[in-house]
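Okay, structure first, notes after.
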Amino acid sequence: MFSGSLEKVLEMEHAVRVVIKGRVQGVSYRGWTVDNATELGLNGWVRNRKDGTVEAMFPVVMRRFEKWNDAAGRARQQQKSPGWMLMYQMKM
């Protein structure tokens, strides 16, 4: 059973893996992800995958990831693409 507040969870460090799918290769989405994550103080890696998706892994405090997630959502709306999916998160 989880004990603790949501505030505590949002301040803990997690590993977050994101797979971004849609029209994401050939449109500088990987570069945008790197630039935006760096601006928010996120470390980790981003790569293009053979299946046409972009994958990213961030060891991150969830509050920072939420900012990246919001920015990714705005970028997706502007381009009418891509769709993305948060695959999992786990405490580090």
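First residue shown is number 1, and so on along the chain.
Each residue, glycine too, has its Cβ placed from N, Cα and C.
Feature annotations, reproduced from TrEMBL:
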- ARG30: active site (ACT_SITE)
- ASN48: active site (ACT_SITE)
- 15-58: domain 'Acylphosphatase-like' (DOMAIN)
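For the active-site residues shown (ARG30, ASN48), fewest C-beta neighbours within 10 angstroms: ASN48. ARG30 (active site) and ASN48 (active site) are 7 Å apart (CA-CA, integer value).
The domain 'Acylphosphatase-like' (15-58): residue composition by secondary structure is 11 helix, 16 strand, 17 coil, according to DSSP.
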